[in-house]
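> I'd like to ask some things about the structure below.
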Amino acid sequence: MAEAHQAVAFQFTVTPDGIDLRLSHEALRQIYLSGLHSWKKKFIRFKNGIITGVYPASPSSWLIVVVGVMTTMYAKIDPSLGIIAKINRTLETANCMSSQTKNVVSGVLFGTGLWVALIVTMRYSLKVLLSYHGWMFTEHGKMSRATKIWMGMVKIFSGRKPMLYSFQTSLPRLPVPAVKDTVNRYLQSVRPLMKEEDFKRMTALAQDFAVGLGPRLQWYLKLKSWWATNYVSDWWEEYIYLRGRGPLMVNSNYYAMDLLYILPTHIQAARAGNAIHAILLYRRKLDREEIKPIRLLGSTIPLCSAQWERMFNTSRIPGEETDTIQHMRDSKHIVVYHRGRYFKVWLYHDGRLLKPREMEQQMQRILDNTSEPQPGEARLAALTAGDRVPWARCRQAYFGRGKNKQSLDAVEKAAFFVTLDETEEGYRSEDPDTSMDSYAKSLLHGRCYDRWFDKSFTFVVFKNGKMGLNAEHSWADAPIVAHLWEYVMSIDSLQLGYAEDGHCKGDINPNIPYPTRLQWDIPGECQEVIETSLNTANLLANDVDFHSFPFVAFGKGIIKKCRTSPDAFVQLALQLAHYKDMGKFCLTYEASMTRLFREGRTETVRSCTTESCDFVRAMVDPAQTVEQRLKLFKLASEKHQHMYRLAMTGSGIDRHLFCLYVVSKYLAVESPFLKEVLSEPWRLSTSQTPQQQVELFDLENNPEYVSSGGGFGPVADDGYGVSYILVGENLINFHISSKFSCPETDSHRFGRHLKEAMTDIITLFGLSSNSKK
């Protein structure tokens, strides 16, 4: 164990001749390089803090302003309207300065004050400009002169070369809608789903709330919105995510898949080496705030970047009543799971990141390790897959001291978690349905004990070289993880690449210490809890009916020819498919985002509208003409786009009602209206995965590098979860989930109805997959 000896910086022994002191120069060198690395990161954070703190100005602009002020002073011009003279008189009390020094100090102080005032003015002006959302409601492709002038003003006040968090202080706060507006929009959303007598009863409850308890709750909510940076996000994180006592696996965590058709190497360790290195390059860019903030409308309107902060070095810690999120400023290791064993792998050597070939070497060492799991070790992660309360109690009882605490700390404080899976997964052209379904289920839950579901994300590499992610949901939403994942897939295949033999490029380094086995001492009582959690998780995992498939008949390229939003098109297809599948309409959830506002997360678009129901009925009514159906489609798609825009601009329904409900609980008052609203099940939960957030390659020039997207488990026991990604111009990937235990649902049947619905709608426009119109 030479590497163990190298880890000891010095040793001493007492002999009859005195103390024998031995120094390990290599260990001392590594300690020095590690300390140097830490100080470099601290300096970069300090520098970035200054740059972000003065944005949209720059530190160098301070010198320009001060020099300008001093120049005018020496030209006998007073730019301060007497302020410099007042500062000078104040400095006369300090007898240690000459008259010339006082003039210089006065000029510098005034220049600094003027510079700060300019920064505040620019920042506030940008916030006012970004509070305008009229551009969102203009017809696509038609921009008014006023909007163009507004865009020009935004660009002027946005500064140059923004860093990731540069716009945070300039983003407006999420507005609180009027209670009556939210109530009216809610009633409009449930009108097509309720019988007449039920709707009358709900209308009475809603109107009573709007004039009675609602305004009182609204007053407290507005008070919070003035004090907090976002009146929704902290409560959403706590009450929707962290206070949930059920399993995270399937119910909350979601997954991301690899490239659909491309497999750059079949060597598991090589794929892991390249991808882990790419992930760490992304983390370095994140630490340095070099990731470009996402901007809409031609890279003009910034979105909030707050969710990036906890991407790495983060773990969800179980509690009996509520979980907490533990985030470390830095982590220099990852933990790798393989064949029931846990290994700690250091990410740095000689003060630098391990190169891809060196990381491959470390992964291969783990794969070649023939040691057996310790008692209770193999299925330990099942604790993170089961109910939260048993895991919290078990953690407190058995992991609070000794080697168990040290090993658990290593897992929870790791940069992220890695699983070297023993199975082969991925798309197979000879059996696309079975292969994609198996791939999705493996990433969603695996064997229930080979992913650490509490980590911000678990990176999974399969035996054949395919890879994927399983992400915990509380710390951020899917678009943030999708941004990382796009970067990793791009860097892995198109920049790092592989040698002809499939290995990572570069050379191995025999001087790098071997990965370290984590040591556990898991008593029998704890192993019983592990088995109980595993049984709970297995029941949940085995109940998931998953169907993932690429829809290749057409994509958004042809949908655009219909002069409608591709998202609206897919949502109406989902409504038609659900009606064909179930023979009825249901409350539908589509995830939108509120990141136009500071610390914004998500909002719900209620996609099942009166207009969409009219369109679906027309589609299944043979008496309706194509012209009538097209007219209803246009009305339904326009209504959907309007609802989506309202959600994005802070005028959604569900987050406002949720926060009013939380206030009512704090005040210990009951609201029959809010109680009924928040108990309504979402039997169709949908989400679109964003694509091409990272400008590293062009899909038109690299059409084979298409992503499979990602998915999630069913939200309701008797409903469907549907995720979709519009890839390039010619492909849409769908991920459909439901539960076998529900006799009414069938994911494959829904998939067939969805394909039919997509084809039926495109046929209305006289278009097809081979259309040249």
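Glycine residues also receive a Cβ, built from the backbone N, Cα and C atoms like all the rest.
Keep in mind that this is a model prediction, so the values were computed, not measured.
Below, the features straight out of Swiss-Prot:
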- Gly555, Lys556, Gly557, Ile558, Ile559, Lys560, Lys561, Cys562, Arg563, Thr564, Ser565, Pro566, Asp567: CoA binding site (BINDING)
- Thr588: phosphothreonine (MOD_RES)
- Thr604: phosphothreonine (MOD_RES)
- Ser741: phosphoserine (MOD_RES)
- Ser747: phosphoserine (MOD_RES)
- 2-47: topological domain 'Cytoplasmic' (TOPO_DOM)
- 74-102: topological domain 'Mitochondrial intermembrane' (TOPO_DOM)
- 123-773: topological domain 'Cytoplasmic' (TOPO_DOM)
> Among Gly555, Gly557, all listed as binding-site residues, which has the most CB atoms within 10 Å of its CB?
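Sorting the candidates by Cβ neighbours within 10 Å, the top entry is Gly555.
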> Which one is it: of the recorded positions Ser565, Thr588, Thr604, Ser741, which Cβ has the fewest other Cβ atoms within 10 Å in this structure?
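Counting other Cβ atoms within 10 Å of each of the recorded positions Ser565, Thr588, Thr604, Ser741, the minimum falls on Ser741.
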> Within 8 Å of the Cβ centre of Gly555, Lys556, Gly557, Ile558, Ile559, Lys560, Lys561, Cys562, Arg563, Thr564, Ser565, Pro566, Asp567, which other residues of the chain have their Cβ, at the recorded CoA site?
Phe569
> C-alpha of Gly557 (CoA binding site) to C-alpha of Thr588 (phosphothreonine): distance in Å?
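Spelling it out, the Cα of Gly557 (CoA binding site) and the Cα of Thr588 (phosphothreonine) are 26 Å apart.
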> So what pLDDT does the topological domain 'Cytoplasmic' (2-47) average out to?
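The answer is 60, the mean pLDDT of the model over that range.
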> At the level of the C-alpha atoms, what whole-angstrom distance separates Lys561 (CoA binding site) and Ser741 (phosphoserine)?
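That comes out at 41 Å between the alpha carbons.
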> Can you tell me how far the Cα of Ser565 (CoA binding site) sits from the Cα of Thr604 (phosphothreonine), in Å?
18
> Quick check on the binding-site residues: of Lys561, Arg563, whose CB has the lowest count of neighbouring CB atoms inside 10 Å?
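Per-residue Cβ counts within 10 Å for the binding-site residues Lys561, Arg563 bottom out at Arg563.
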> I want to check the contact list for Ser747 (phosphoserine): same chain, sequence separation of six or more, C-beta distance under 8 angstroms. What comes out?
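Asp545, Phe546, His547, Tyr720, Ile736, Ser737, Ser738 - these are the non-local Cβ neighbours of Ser747 (phosphoserine), listed in sequence order.
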> Which residue among the binding-site residues Ile559, Asp567 has the fewest other Cβ atoms within 10 Å of its Cβ, if you could check?
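Among the binding-site residues Ile559, Asp567, the lowest count of other Cβ atoms within 10 Å belongs to Asp567.
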